[in-house]
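Only one structure is covered here, and it is reproduced in the block below.
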Amino acid sequence: MSGTDKVRVNVSQTAQTPLHTSAKLPKVGVLLVNLGTPDGTSYGPMRRYLAEFLSDRRVIEWSRLIWYPILYGIVLNTRPRRSGRLYDRIWNHENNESPLRTYTRAQGEKLAKALSDQPNVVVDLAMRYGQPSIESITDRLLQQGCERIVIFPLYPQYSATTTATVNDKFFEALMKKRFMPAIRTVPSYEAEPVYIDALARSVEKHLATLSFKPEVILTSYHGIPKSYSDKGDPYRQQCLETTRLLRERLGLGEDEMRATFQSRFGPEEWLQPYTDETVKELAKNGVKSVAVLNPGFVADCLETVDEIGNEAAEEFLENGGENFSHIPCLNDSEEGMKVIETLVRRELLGWV
């Protein structure tokens with residue numbers, strides 16, 4: 001038989017055998033990731049959580065030779081008990097978990113329901129620090145047959161300390177795999193109309209429930225060291241942009257809505273103005289009514305419920321203020337879920 005005849009036979013045989021035995025669509029994973037939470041409020045769980053969090057080089061950029069003796073010699077021997085007492089004040093004792101885990105799970109469940117028109121989409125959630133870990137949930141998505149994954153760091157404003165470290169950990173998990181799925185990561189959305197509108201509606205709804213009208217509304221964001229911003233982290237500018245757009249959407253003046261930064265840690269200068277100092281100054285200057293919201297947090301947690309709802313409120317009232325209200329995060333509200341669903345559907349275009 002000639003070479004030409006052999007080719008003809010092979011082509012004929014190939015033509016009779018379909019390349020794909022079925023038209024089944026490959027699964028697409030959607031992974032929601034938030035900061036994280038301890039598994040409990042006692043010393044052990046708190047120490048494990050803080051050790052993982054404060055060992056992240058994206059979070060603490062100091063030389064390990066300087067930082068580790070401080071971390072393991074001082075911080076992890078003193079801070080777990082104090083942080084545990086704070087967490088205990090907001091702990092969801094019914095489910096034995098922090099509000100962050102409660103709300104993030106609800107967000108995942110509601111997103112899965114909203115995407116039920118896409119049967120090949122699998123929604124799951126993970127935490128950057130603590131459980132469920134990014135690595136374990138990445139494994140689960142791959143085991144379910146996900147050939148493409150959209151990873152959604154749940155941070156409206158980008159920072160290397162938040163969004164970047166989530167992506168770092170995700171790709172670190174994939175480095176151990178033979179098969180690497182196609183990846184998309186949801187970018188920051190500090191100026192997205194659906195997000196600004198959701199914040200505005202949330203503020204309007206909350207203010208309608210109050211017996212007073214706030215003279216000043218603070219948009220309080222988690223701070224980062226000023227040196228990180230000076231080196232090029234766009235976080236501060238994105239926070240200010242969110243506040244500017246929200247202020248315009250609500251028709252407020254610059255004195256009526258101001259951006260501040262909270263949760264500073266350590267001796268370094270952080271982004272200013274500081275939230276705690278601002279509420280104290282407002283009270284001392286005669287402002288009697290204040291409201292605070294946290295646009296950078298998609299779910300209520302220790303930094304919002306306790307640091308703002310309790311500590312900032314106490315600072316304001318103890319220094320002459322009369323009315324203080326914390327505006328809840330978007331959480332799994334209708335407005336909040338519209339933001340998450342809109343951004344996820346946009347990233348799924350061409351994949352489903």
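Including glycine, each Cβ sits where the backbone N, Cα and C put it.
Owing to the predicted nature of the structure, the values given are computational and were not obtained by experimental measurement.
So that you can see what the record holds, here are the features copied from Swiss-Prot:
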- H222, E303: Fe cation binding site (BINDING)
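Other C-beta atoms found within 10 angstroms of the C-beta of H222 (Fe cation binding site) number 26, with every protein chain shown included.
Under a cutoff of 8 A between CB atoms, and with a sequence separation of 6+ in the same chain, the neighbours of E303 (Fe cation binding site) are H222, Q262, S263, N294, F297. According to its DSSP assignment, H222 (Fe cation binding site) is in a strand.
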